[in-house]
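Participant: What follows is a structure written as structure tokens; I'll ask about it next.
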Amino acid sequence: MRHALSLADKAEALGEIPVGAVLVDSEGNILGEGWNLSIIENDPTAHAEIVALRHAAKKIKNYRLLNTTLYVTLEPCTMCAGAILHSRIQRLVFGALDYKTGAVGSRFHFFDDYQMNHSVEITSGVLAQECGEKLSAFFRKRRAEKKAEKFEKQEI
């Protein structure tokens, strides 16, 4: 999770929402990593999880990412949960809960459907405070910047 947090810093440096993800095999070797790129790539699917899954699939030349663990700093959304399911990831570990769009327990319960053709072991709350604070600080800063821009426009 510490590595995923460092990847979130890369997203923030680009002006993206600071979310990072890293996929490792059963021995802890990194197969893929990613950070949010939706804004700069104009791609609504370029979430950290999706970027990490794409890199891993290309690396191992298989979209099925069996016997792997995905670490992500924020609870995945429904799109990312679907990709996790289809890629057959064994385990998902995430930090902060996402009460607005989280699909792994806080808002939606994507993996709780017994009819799914794959189950994912889920561990939530790992470094949750640190992951959550990184996001909160980012949005506080963004709101302050927008407020300053609005104030500057009013003065002109």
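Our numbering is plain: 1 for the first residue shown, then up by one each step along the chain.
Heads up, the Cβ atoms here are built off N, Cα and C, so glycines get one too.
Just so you know, TrEMBL annotations never went through curation; they're auto-generated.
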Participant: Which residue of H47, H109, H118 does TrEMBL report at the same Zn(2+) site as C77, C80?
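Facilitator: Same Zn(2+) site in TrEMBL: H47.
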Participant: What Cα-Cα separation, expressed in whole Å, is found between E49 (active site, proton donor) and C77 (Zn(2+) binding site)?
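Facilitator: Per the Cα atoms, E49 (active site, proton donor) and C77 (Zn(2+) binding site) stand 10 Å apart.
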Participant: Select one residue from C77, C80: among these binding-site residues, choose the one with the most other Cβ atoms within 10 Å of its Cβ.
Facilitator: C80
